[in-house]
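Student: Annotations for this protein, taken from TrEMBL, read as follows:
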type     : residues : note
DOMAIN   : 103-518  : domain 'Major facilitator superfamily (MFS) profile'
TRANSMEM : 22-44    : transmembrane segment
TRANSMEM : 150-170  : transmembrane segment
TRANSMEM : 177-195  : transmembrane segment
TRANSMEM : 201-224  : transmembrane segment
TRANSMEM : 236-257  : transmembrane segment
TRANSMEM : 263-282  : transmembrane segment
TRANSMEM : 349-369  : transmembrane segment
TRANSMEM : 375-397  : transmembrane segment
TRANSMEM : 404-423  : transmembrane segment
TRANSMEM : 429-452  : transmembrane segment
TRANSMEM : 464-484  : transmembrane segment
TRANSMEM : 496-513  : transmembrane segment
Amino acid sequence: MPTVDDILEHVGEFHFFQKQTFFLLALLSAAFTPIYVGIVFLGFTPDHRCRSPGAAELSRRCGWSLAEELNYTVPGAGAAGEAFPRQCRGYEVDWNHSALGCVEPLAGLAANRSHLPLGPCRHGWVYDTPGSSIVTEFNLVCANSWMLDLFQSAVNVGFFIGSMGIGYLADRFGRKLCLLVTILINAASGVLMAVSPNYTWVLIFRLIQGLVSKAGWIIGYILITEFVGLSYRRTVGIVYQVAFTVGLLVLAGVAYALPHWRLLQLTVTLPNVCFLLYYWCIPESPRWLISQNKSAKAMRVIKYIAKKNGKSLPASLQSLRPDEEVDEKLTPSFLDLVRTPQIRRHTLILMYNWFTGSVLYQGLIMHMGLAGSNIYLDFFYSALVEFPAALIIILTIDRIGRRYPWAVSNMVAGAACLASAFIPDDLQWLRVTVACLGRMGITMAYEMVCLVNAELYPTFIRNLGVLVCSSMCDIGGIITPFLVYRLTDIWHELPLVVFAVVGLVAGGLVLLLPETKGKALPETIDEVENMQRPRKNKEKMIYLQVKKLDTPLN
């Protein structure tokens, strides 16, 4: 019986239907950006100081400028230039005291202002920003700064749980159903978050967005790779991730135009409402239908694809059966990811590489920091680095394959981290160059693991395998701040050394995986288990032939 790839060769591997579907799903990929990295703008922490109604009234009465008010009423920097006293503590004085003058008002209370008692900000804070964020609205600073960390952790916890649960449901009940459900929940929770009255509700709805948004993004990735033919699969997989990078650039522009977090959150959520129209635009995956013994429905989808592409389906290709002769549909199980030797190896190596990608991708950004104070430009420039990474993959992946570019990109990222740790501070240009090289390498590795992950699992557990393995990047996202900030206290460059070891090990493990270049998506477990055997059989055949040639001579 013909496979889906055989049929797509006749009805079109990447014609009108696939191009339309890819465009629609690429929009979904770009819309995931505000959830994954939106904390940069939603949780922006501007410079701030204690609010003092008495000091403000004295400033108004004396006609001080803002600079004079800050000079007279706000404590200076702490030891070694720390800003904590200035941002989180204020002078414990009675600003309504009649003895306070307009010139050096505190001079009569103490010869040196550093001797004046400091206390917590009892009346809130003043933020130096024309816009707003959840930090400025809910005062997530000083003693409450941990609540901003909790906000981001909630998203990663949601990513982790959602990847496991919804990945299973997508393989059990279908890609399309789960995609639409995740879009609906994402849209509803995003809008509710924008109108939430307090921090608790914001946290709850952000957690819900995390539960469904990443799972929806990966289901979209699985769908598009299952709709296109073999020769186009790798390209759409890479460009689908490039759409995420485009989302980074768009997010920077939208955040600049809408500096108030509620309006920004509402604006970036509304596209998800439009995505519900995909119910009429995107069919179920025929590969999944075949894996569930729903050949009749799969054939209807294939005929629909042929009609959209303006092709006719030959009569010899109008019958489908699952490759595995079973009487019941295949039910995915978590045990299937570790039950057989090759799939178990794939699962463990892929999980480690997802973890590595997250730790190095986020860790390099945290450690290097972005020069300047314009977060919009900094965010925009950092996103541009990802385009050359995608271009290099496209240029090499069909010529060389998946495995070697993937391994080299991990090793380049690890080597760049190791080199950065020992480059002197006075060679700043070299440090920046090597850091960009490391960022490009880990971006390539991140895109490669997403591409290859789908190619190393059979159809009925493909979605589950991708989502379970990719959940390790959420674990990496949770622990990366600890790696960066805690290890920096020991030695400033120690995180880079850790990143180097992690990246180099990941590159070596990739070499243990089979090459998937030019191979059809595996439909059964046996096909995955035999992915590396043809080469061994060929070597054995040549060996036996030499032995037969030697025998007559003896």
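Here the Cβ of each residue, glycine as well, is placed from N, Cα and C on the backbone.
Just so you know, TrEMBL annotations are computer predictions that nobody has curated.
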Student: I need to check the long-range neighbours of the transmembrane segment (150-170): which residues 6 or more away from its ends have a CB within less than 8 Å of a CB in the stretch?
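Tutor: Those are 35-36, 39, 43, 134, 140, 178-179, 182, 202-203, 206-216, 218-219, 222, 332, 334, 463-464, 466-468, 470-471, 473-475, 477-478, in sequence order.
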Student: Taking the transmembrane segment (201-224) as the reference, which of 22-44, 177-195, 404-423, 496-513 gives the largest number of Cβ pairs under 8 angstroms?
Tutor: 177-195
Student: Same chain only, please: residues at least 6 beyond the ends of the transmembrane segment (464-484) with a C-beta under 8 Å from a C-beta of the stretch. Say none if there are none.
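Tutor: Long-range Cβ neighbours of the transmembrane segment (464-484): 149, 153, 156-157, 159-160, 163-164, 166-168, 170-171, 214-215, 218, 221-222, 332, 334, 336-337, 346-347, 350-352, 354-359, 362-363, 366-367, 450, 453-454, 456-457, 495, 498.
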Student: Is the number of Cβ-Cβ pairs under 8 Å between the transmembrane segment (236-257) and the transmembrane segment (22-44) three or more, considering only pairs separated by 6 or more positions?
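Tutor: Answer yes, regions in contact.
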Student: Restricting to the same chain and to residues at least six past its boundaries, which positions have a Cβ under 8 Å from a Cβ of the transmembrane segment (375-397)?
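Tutor: Those are 40-41, 44, 234-235, 238-239, 241-242, 245, 248-249, 251-253, 255-256, 365, 405, 409, 436, 439-441, 443-444, 447-448, 451, 517, in sequence order.
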Student: Could you tell me the mean pLDDT over the domain 'Major facilitator superfamily (MFS) profile' (103-518), as a whole number?
Tutor: 83
